[in-house]
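Take a look at the structure below.
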Amino acid sequence: MSHGSNPRPATARKSSDLKGTLRIPGDKSISHRSFMFGGLAAGETRITGLLEGEDVINTGKAMQAMGARIRKEGDTWIIDGVGNGALLAPEAPLDFGNAGTGCRLTMGLVGVYDFDSTFIGDASLTKRPMGRVLDPLREMGVQVKSAEGDRLPVTLRGPKTPNPITYRVPMASAQVKSAVLLAGLNTPGITTVVEPVMTRDHTEKMLQGFGANLTVETDAEGVRTIRLEGRGKLTGQVIDVPGDPSSTAFPLVAGLIVPGSDITILNVLMNPTRTGLILTLQEMGANIEVMNKRLAGGEDVADLRVRHSELKGVTVPEDRAPSMIDEYPVLAVAAAFAEGTTVMNGLEELRVKESDRLSAVADGLKLNGVDCDEGEASLVVRGRPGGKGLGKISGGQVKTHLDHRIAMSFLVMGLASEHPVTVDDATMIATSFPEFMGLMTGLGAKIEEAENKAA
């Protein structure tokens, strides 16, 4: 695990003419769910394109600990699932490392079973609140033991028979919605989730693909009601995981802000609940061509061609936040090179990510000469076209707080700043995008990692 290892700073320097074609690693959301649903479904599931970052592998290990058989042959992961309702009690605590998604979804999946399951994680995950997932599980009859503030370690024990509930999700959170639906898989009757604002819908699409009896209705106000019939049969599937739009964001923004760049990114997931960043960048004047649109496994996929663009500041509509919550750090970097002011509101979710992502972004921008204001749930960035004066002539490292997206965002910033940008640690990039350094330097980006000092 990289989180226990020595931090390894990295520095990005002004680059030009980033060029090439790349394939982004598989989508993290779909990869987590592929392991989970494949491990739960009866029969064999085959997965290609899986994101093999630490977070997803930890989800796979958790499914193995509960009875799924998982092996890799060539580029294909093959899972023999246990069958819905047939998970086994894990003999040891389930360690999710840094993976909030894997941890919260698995709590829903296994929490309603009539046995004890214990969840642990790394220092970053142990600080993150789990109450939003634990509250609906309590309503279903699950007994919860947790550290103060509903934090890890958490031990769950389901009732003899869980109660199906109707749960209105109090905030825009795909993780909470998904956890309740997954708990509903082993609950008799109909479990209903009411979602006031649509969030990423991979759980619904994929559960339907695996054979769950799940329906979605959307009313005139956009409120979605999702109903799942519990204890039905799930059957193994063949899945080709499309490229992760959140990882795509880094080479995409690099191509926009580095002069002379022309990059093509293949096989990108274009699910409408995930494309807020692309839409926002296009509104800022980004030259992004969407090519070869197609469907893969019920999901929209396309190739993107991105070229260097003169960006202009915009006000991002607040209701777009759920569709790009993970992309605000790298959007803030793009805004630092745009003409004028970019205003981002509705960012309260960023306070409870791997780090307090909002203050981490604002602090990193200020350190590197960007004029910005951090509000309670907002960020205002006043850009400097061409990156004049941005970066650091000497010393000064961006504090990443063990957060992979902060690290990658600021390394992208350094590629177009007048002076270099250094992050205090790049080891945790492996949690979501292990190939980041290799792909970026392959395009011509000047990024160097510090040598590992002997411990």
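Any Cβ shown, glycine's included, is placed from N, Cα and C.
Quick look at what Swiss-Prot annotates:
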ACT_SITE  D326  active site, proton acceptor
BINDING   K28, S29, R33, S173, Q175, D326, K353  3-phosphoshikimate binding site
BINDING   K28, G100, R128, Q175, R357, R405  phosphoenolpyruvate binding site
REGION    1-23  region 'Disordered'
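Features recorded in Swiss-Prot, as mapped to the structure shown.
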residue: K28; record: 3-phosphoshikimate binding site; DSSP class: helix
residue: R33; record: 3-phosphoshikimate binding site; DSSP class: helix
residue: G100; record: phosphoenolpyruvate binding site; DSSP class: helix
residue: R128; record: phosphoenolpyruvate binding site; DSSP class: coil
residue: S173; record: 3-phosphoshikimate binding site; DSSP class: coil
residue: K353; record: 3-phosphoshikimate binding site; DSSP class: coil
residue: R405; record: phosphoenolpyruvate binding site; DSSP class: helix
Helix, strand and coil counts within the region 'Disordered' (1-23) (DSSP): 3 helix, 9 strand, 11 coil
Largest inter-residue Cα distance among K28, S29, R33, S173, Q175, D326, K353 [record-listed 3-phosphoshikimate binders, Å]: 19
Cα-Cα distance linking K28 (3-phosphoshikimate binding site) and G100 (phosphoenolpyruvate binding site), given in Å to the nearest integer: 11
Those binding-site residues listed as S29, S173, Q175, and which of them has the most Cβ atoms within 10 Å of its own Cβ: S29
Reduced DSSP assignment, D326 (active site, proton acceptor): helix
Using Cα positions only, nearest of the recorded positions to R357 (phosphoenolpyruvate binding site) (K28, S29, R33, S173, D326): D326
Same-chain residues near the region 'Disordered' (1-23), Cβ under 8 Å, at least 6 residues beyond its ends: 54, 97-98, 122-124, 243, 251, 254-255, 258-267, 387, 391, 397, 402, 407, 410-428, 430-431, 437, 439, 442-450, 452-453, 455
Binding-site residues compared (K28, K353, R357) - the one with the fewest other Cβ atoms within 10 Å: K353
Residues that sit under 8 angstroms from R128 (phosphoenolpyruvate binding site) by C-beta distance, when 6+ apart in the chain: G100, R151, L152, V352, E354
Alpha-carbon distance [the residue listed as 'active site, proton acceptor'; R405 (phosphoenolpyruvate binding site)] in Å: 8
CB within-chain contacts under 8 A for R33 (3-phosphoshikimate binding site), separation at least 6: L105, S178, H202, T203, M206
C-beta crowding around R405 (phosphoenolpyruvate binding site), within 10 angstroms: 28
Euclidean distance between Cα atoms of D326 (active site, proton acceptor) and S173 (3-phosphoshikimate binding site), Å: 12
Alpha-carbon distance [the residue listed as 'active site, proton acceptor'; K353 (3-phosphoshikimate binding site)] in Å: 9
Pairwise Cα distance for S29 (3-phosphoshikimate binding site)/D326 (active site, proton acceptor) [Å, integer]: 12
